[in-house]
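Student: In case it helps, TrEMBL gives these features for our protein:
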- 1-49: region 'Disordered' (REGION)
- 1-14: compositional bias 'Low complexity' (COMPBIAS)
- 18-49: compositional bias 'Acidic residues' (COMPBIAS)
- 258-271: compositional bias 'Basic and acidic residues' (COMPBIAS)
- 258-280: region 'Disordered' (REGION)
- 640-703: domain 'Transglutaminase-like' (DOMAIN)
- 729-782: domain 'Transglutaminase-like' (DOMAIN)
- 1439-1460: transmembrane segment (TRANSMEM)
- 1520-1544: transmembrane segment (TRANSMEM)
- 1556-1575: transmembrane segment (TRANSMEM)
- 1596-1618: transmembrane segment (TRANSMEM)
- 1650-1672: transmembrane segment (TRANSMEM)
- 1679-1704: transmembrane segment (TRANSMEM)
- 1748-1770: transmembrane segment (TRANSMEM)
- 1888-1922: region 'Disordered' (REGION)
Amino acid sequence: MRRESMSPSSSRSPSSEEKEETEYLPDEELPSEEDVEGLEEAVPQEEEEIHDECLEKYQEVHEDAMEEMRLPLEVVEEARQALNHFISLSNRDAAGEAIYAAIFDSAPSLHSFFKTPRSVMAMRFMNGVVTLMSVAHDPAALKLEVESVGFRHLEREVTPSRVAIFRDAIVELLDMELPNGLCTKAKLGIQAILNYCGGGYIYIRKNYSARIKIIQRSWRIANNKAGDEEEEEEQAKEQDEQVDKAAEGSVADFIKSKSDDLPLGKDETGRSRSKFKSESSMSTAATELKVSIGRPVACADLEADDESFAVGDMVLIQTGKYKSCQGEVIQISSSSKVKVRRRCGDGRKGDGKTWWYKPGQVEEIDDSEEEEEPVEPQEALPDISLIMDDDFRSKHKLCDRYKDLPPVDPRATPPRLNGRPVVRRGQSFRLQLQLSATKSADVRLLQGGQMGKAELRGGEIHVEIPAWAPVGEYEVLALDSKDATLATFGFIVIFNPFSCPSCPEYSDQHQEYLDGNEGLLFQGLSDHYTANHWYHEPFRAANLLIALKLLDWLPMMLRGDLTAVTRYLTNAVGDKVCFGKWGEGDYAGGKPDWGYKCRSKKYVKRRAEKWAHTCHDPTSWTSSSPILEKHWGLVQSGVPSAVQYCQCFVFSGVLTTIGRTLGIATRSVTNFQSAHDVNSDRGVSKFFFTTPTGVWEPVEFSDTLCPAWCESAKKAKKKKCNLKRCSSALRRGVGFTGRCKACIPCVPCESREDSIWSFHVWNEMYYARGNGQEWQALDATPQEMSGGKFQMGPASVPEVRHGKSDCYDTDFVIGEVNGDTKLYVYQVPNLDEDTKQKAIEKGEFMLHSGDPLFLGIRWYMDPFGDPYNTVGYKVVTKKPGQIAKSCWKNPSDCQDEELDLTPSYKQCPHAEGRQPFCAAGYSKTKPQCAEPGADEESLLQQEDEMFQEGNSSYQVVHRSLHELTGDSDDVKAEFSAFVPKTIELDHDLPLQITFTNTGSEQRTVRIAITSLGCDYRGMPVITMQTRRKKYAMKLPLDGLETLLQREVELGPRETKVFQHVVPAENLSGELLETLEVNAAEGTFFLQFHVSAHVLETGQTFGHQPRRHLVEVPTTFAEMFLFNAAVMGFSNSIWMQLVLDQFDNIVTNVANSYRLQEECDVLTLVLAKHRGPIKLPEFKAVTLASLRSLLPQDWDTHHEVAWNWLWENVERMLRLQINPKAYDMALENFVLSLDEKTLMTLRRGIYAEFFATAPAGQDFFKQSTTRLFFIADKVIEMTTGIFKDPRTMVEDISALGLRHVAYEIPTELFSPFVSAAVQVMSGLTTDETASSAFRWSLTLVSKILVRTCLEGSTIVMKAINTNEQKALQKAIAVAPRGKRAMELLEIRVGTQTISPLYWALESGSLNSAKAMITDLLTIRADRDNYYYGCDDLFRRHPEVMHKLCVEAPTLLTVLLDGLLWRSRKSLRGTRRVNYFVKHLLQDDKRQFNQALEWLVEFKDPKVISHSVVALFTDMLWSRLAIYYFLLGRLYFLSTLCVFAVSQAILPSAEPTEQENVLVFVCRCYIYLGSMCFLLVRQLRLCYRDVKDRSFSRPFGVPVPEHMCSITGMGYIALFWTLLVMCTQEPILWCLGDEGLLFNTTCPKGLERADAYAALSCVAMLLYCGLVLDLSILSMRLSAFVLVCGGVIAEVGLFLMAAAFLIISFALGISSLSHQSSGFEGLDRSAYALCSIMLGILPSYHLDDMQEHVGVVITVAIFVIFISIFLLNLLVAQLNQAYQVIFPDMQGYARLTRASVIVSVVEQAAQPRWNRFLDSLKLEHKLEFEEGDVGIAGGIQVTEPSWAHPTTVDSIVRFGGSTSTNMPWPEDDRLYGDDDRFERLEKLIVRCSKGKKSRSKLSGTGDTSSRMESGGGSIKSGSSNDSD
């Protein structure tokens, strides 16, 4: 049997495969003797006969039906005790081995089933038998267990004869091993249970295996449709044949065992029915508490003959009066069993049977009168309160709708009203006053002084807000007679569009645009667009308060000026609220300039305070509230507040919300084909190249068209172009006469950024500005600067329509909706890049030879004749009223919801009927507009656009291009069918053009077609960019060519259709990925350009259609969303919630426990959804999606199977509890707990748990506070599962994996849950809260147990033993292809745990060593090499750091595993492979931190390891040494200059030239070296402070770099140079006469000695700091380090010498003598020091001889110094050298490695990449000649004598090469003791087998069955043993 998963349930026990460890079966699991006696009294005698008949019935295998089996309780008890006794004879493992051997030896024909390793199989057999016995007393649980195991063995060909073999083997084993054998009852019971189990397997396989396999196989194919279907089918067949992929549980029959808890029903009066439930059991494999049997079932769901009414069910019900499902009234006087006589369904009297009712089958009858609800005490009235009557509501319309709503993100803390009312300006309101001492009142605008009028009238305050009042936060002050504030009342003032006719915002006709919550933002192409829904929520208080906070940046008095407010908001939204991003995508990461760093969801989950730091694709936003909320969160966290990322439609949606919440009528407006006019000439420039052959090619990047000389006025002057004088002509593109003609090439410089957006969304706000009430256009998208800021508007829409220039930015809007088109065509001989560049420099724009195209020509329509490409094709907004259902269902079906505003913006709204007077033309003048609130001097001085010279006229062109070109127009072209409306990926793309020759002569048409990928701004998508050039994404049209060229021959009056098909492979998914990288999802398109040139006449046609890309769904999720949109369910958010979990549901279709768990979680998720949920709709979309994905495979069998699945899932979802009621009840209970009650709950849980399961005390050994913490976490999880189910499931799964590592027995979860439920139930009378706690804690425990069991592996068990041999045996059974990951990852759902890391963290270093050794052992078969290095570093890239911290002793083990040495030598050398790839680079090809971690570890032996030495030497010699010397070059130069200036040049009689040279050198030192050192120190200090890298000598924090010897040397040098500069004699002598820069002036001489001393110190410091160059040689570096290591000994000597000198000097000074050399302490010490150094003058010795005391003292001193201390110093130095020298090479390497780490990080990326490429790490290395092995290393040779090797380190195996097979057993794992033990077991097994055969020969029925069935037994073909 195979274990998959297990989770506890309130009425069942887990499957046999769901336990790794199971304790002995407790006797108390059965009902007590009293219960049994009561049952015998209550049940008639014939029921006993039924049980006996049942026992006799199941002495045979029954495969035709699967019903609940009810065995006598005493039979079950006997069988259970027999099994317990058998286990107790040895241990569980031995018992499992015995069962395995018995079954294996019983029938050789079954050996083909035994493919799983023996130890695993033995464990599964043992667990399976124990689990069956543990649930045998519960028929429903036993049936569920058999179903679950049976569904996991659908591939096993189970037959009755094989069941008999298994059964008899187990029974005979128990009978033989037990001392007294099996008693009759135990034998009959075990046989019945095993027969029932085997029959169930057969029944399930017959009835459900086909459905399960269909579902599993079709699901695999549906989610891999994009691949090769044949390959997918083959893979599906292979997976179907594997046991591991077989089904895992029941669905249909599982539903019959009712749900744990049901919603409370209601009676006719609407009163909730009561439910009385005993504690639910939560059985694991072997431990089950004594609880009532049965589940609560709603009466309406029960039938008369339902199995749940079977006789014999026991339950204890509380006293009271009840009514049963059938209507009988039952009076319960005491706690007893409920029994009544029931009537049959037809009304006849029952048959006399006694029916036992269960909880939920009866409902309580409440005879008492309804109690009156207690009257809550009224709160005290506030001092000031608002009088909100009808008068207030009429004056302040809609203000009562502003509410503090829960935040969109639970982690957000948006501002709140906190009871403050919202009022409108220009009106009054009244306040109720409770303070009698109030004498007056005042109204103030917060931060703005008095504003408005407040009068005290009796007990009320009348407040009036003027019509001009600024919007914002106000307060009313109640004042006493001394004007002291008694109380305040806050309120919010907003604009008043309803009841203030004098207010500019007054609007009585635009209610929709003031309070509308749902909006539509139209997006797409002019001929194919959709409407995206947007939620504004204008009455969410947080949106209002955030909008007011934005106005804090606006001067106070301007907050009442609508022009100022709205203009400012366009800047604030685009600058402070939303961060715009177009192109250069990856909208989920990065850190833009002036933005914050995008954080991942995983990071935010860990750092909750960073919840707002995520980034989003602009198309993912559907509401303004989340954006404003995130903006507020960013403001609170102190980072840039603009939410990342937004585009025009998002800017517009947010501004609409802000406008409406402030009380301004606002709407979003979409303009299709919106021009972006950069140079404000109301026109858009387009650039093309054309060849004499007629090929037109659009310029991809117009910003490359500006010649370099046009950027400089000086260079332009050389070209005879006056840029300043001709600026107007350049901007307009006209007037190039006279001197400006030379400036023509510079025309693109002014308009190179012009573009036409496929759509652009801005806003309109309705208010009065100059010309009365009208709509004003405003745009929050930051496009162009206006008034020094990115802002646009307000521009009067009527003025835009009439083409009048007005304030503000009217010309820009005119250009957007009505701009003309200007064509610039460069004629080139060919399309080479050099040729194009020359044409750009010349700037010759012409249509054909000699005919300048653009000298004032403007096209007011599309030059190529396509009306859909006309600028301002259509301007629309959402019309007032509710959105139609059809639009909700299908965003493409919203044409009826749009309001066409094109006539409001354009005099000629229809593209087809435009006339010349419709052209935008130029504006003659620009008005001088002042910013709102600005004085006269700050007018926006805009240049007068009147033409100053030349011809100022322009020509309006209304003909298409082909009408202007050529000598004849006899050829017609039809482009209407050129390209389909949408382009599908992975499908052929047909192109078609129809040509007609209306003339009488032959015509040849040359066609050229290109296609660019563009974002919705019309900007090409960049696929690659260098410093010189950008490369646009082009669609290959002709093979791999992006330019399609063809010729069409047309005879006279002939019509031909040109056709071409772009193959599907050119429209692959990679194309979509390329576009998505640089454009937000769904905002990109393909821009085609078609040019057709008639060779004979020169007639030219053009066509530029735009088309969206449609990705055909290839997976179920994609197809589901597609079909949901088509079927009208695109806005059914709940479907997405189900879809997110549907994969888990389908993949666990055969695992009933997991399926129930998934449905439980889904129930909680769906409970969070607001709105109706129609589950049948999901089934309809699912079936439609599957039919689309499996068109060839789908048949009636698939239809039946998937209908069966969903019907059962839907039934499970409908039978669930009421999460909302449970959530509220449980939350109220938890909130009601005070500290005392909470303490009682904590203590009670553990007291009850330890009483129930004493073994649990061995696992709860922590302190009481820790146990209380765990109890608190339990309570937190029970409430959290209702709040955020999916997040909590992830957290619980992670917790479960940690319990796997702790090896917590899963059977302890059940008593813990029961204990918690029992204690909690005693603390509340709320049955709903108790049920909620029970249900949620049961679900939590299910997930925990399942995670523990799915994550439990034999590897984890071996780790806990900390024995290498145990771990080696455990991993030996793993498939060779998965062996490495078995040691590195255990995955349950989305959670993982690393066995290797757990071994390190738990201290199991022996196991960890064995794991690393196993991973880095190279194994090989004939086909493949297996080496876990890549897996290790891919799973744990930081493993080196982990080992440095947790297990330093294993570093050498890991490094040893990274090299391979050949045991063969060739010509005195041997091959050595160093696999150092992952030590050099990470997965992103960046420098790996491994070396940095080794340097921080500071172990000289590890750093000297040959692997580390190799790659550090390579890094040093090939890369680091260059940067190191480059960095030291400057310091060396300053040292040389310093030496020249201080030691070489100065002389006794310097010349003036020498003085000048010395001065120059010293200036270089002070300005170059000293300043360099200062900058270096500041930079290092900043880095240390930023990284908080401090050392704390004597407790004082000091930047870390200052504590190193080198750092202190640099600091000392800097200060020395600084002091030298202050003492510089040259500077002090600058004013004196004499030689220039002399140093001999009096002031200079005064400082000469100090300066010289400082110079000496600086020179020594310079030379000392040069010592770090010693790392260029390892020997030299080691010598320097040796010197540094032994210098401490010299220091000790000097300290001792100083002590002796001072001591003897004091002694000599105490003598009475006349020796002049030893007079006083100072002279004595000096003399002794001179004696020690041997430099004492001889005359002092002569003088000393006259004084005997001095001579003796000095002699003693000499003995101590010369004989003792000096020899001791020699000995110390010798010993220190011997100790230090062996590690000196290592320390030298550490020094070099630290330099490598510091300099490699500064290396340029291209140089680093070249270094990696030179190593060829991706090439496979040879092991031996012709034996190509593994990549990722470097091969070198070494002398054969260096490391003698006689054993091949590659472990090679023969036999099968399948990656699914484990490696053959390695004899090295077994010692002599193991071999003897195995031999002994073999002998015992043989003897038992002989005894079994002798017994079998004496049995009649059994042997006959075996013989009859033996012939029919066929060897299975599965991959598992069970």
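Cβ coordinates are placed from backbone N, Cα and C, and glycine is handled just like the others.
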Student: Same-chain Cβ contacts of the transmembrane segment (1596-1618) under 8 Å, 6 or more residues past its ends?
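Tutor: Distant Cβ neighbours of the transmembrane segment (1596-1618) are 1565-1566, 1569-1570, 1573-1574, 1576-1577, 1580-1581, 1583-1585, 1589-1590, 1654, 1657-1658, 1661-1662, 1664-1665, 1668.
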Student: Count the residues of the domain 'Transglutaminase-like' (729-782) that DSSP assigns to helix (H, G, I), to strand (E, B) and to coil, and report the three numbers in that order.
Tutor: 18 helix, 20 strand, 16 coil
Student: Go through the chain and flag residues at least 6 beyond the ends of the transmembrane segment (1556-1575) whose CB is under 8 A from any CB in it; none is fine as an answer.
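Tutor: Here the qualifying positions are 1530-1531, 1534, 1537-1538, 1540-1541, 1545-1546, 1550, 1610, 1613-1614, 1617-1618, 1620-1621, 1624, 1626, 1636-1637.
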Student: So which of 1650-1672, 1679-1704, 1748-1770 has the most C-beta pairs under 8 Å when paired with the transmembrane segment (1520-1544)?
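Tutor: If we count Cβ pairs closer than 8 Å to the transmembrane segment (1520-1544), 1650-1672 scores highest.
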Student: Between 1439-1460, 1650-1672, 1748-1770, who has the most Cβ pairs under 8 Å to the transmembrane segment (1679-1704)?
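Tutor: Per the Cβ under 8 Å count, 1748-1770.
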Student: Under the DSSP assignment, what numbers of helix, strand and coil residues are found in the domain 'Transglutaminase-like' (640-703)?
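Tutor: For that range the per-state counts are 17 helix, 27 strand, 20 coil.
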Student: With a Cβ cut-off under 8 Å, give me the same-chain residues at least six positions beyond the ends of the transmembrane segment (1650-1672) that come close to it.
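Tutor: Long-range Cβ neighbours of the transmembrane segment (1650-1672): 1521, 1524, 1528, 1531-1532, 1534-1535, 1538-1539, 1542-1543, 1606, 1609-1610, 1612-1613, 1616-1617, 1619-1620, 1623-1625, 1679-1680, 1788, 1791-1792, 1795.
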Student: Give residue numbers and ranges for long-range contacts of the transmembrane segment (1748-1770): same chain, 6 or more residues beyond its ends, CB-CB under 8 A.
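Tutor: Non-local partners: 1689-1690, 1693, 1696-1697, 1700-1701, 1704, 1707-1708, 1711-1713, 1715, 1718, 1728, 1731-1732.
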Student: Summarise the model's confidence over the domain 'Transglutaminase-like' (640-703) as a mean pLDDT value.
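Tutor: Summing pLDDT over the domain 'Transglutaminase-like' (640-703) and dividing by its length gives 86.
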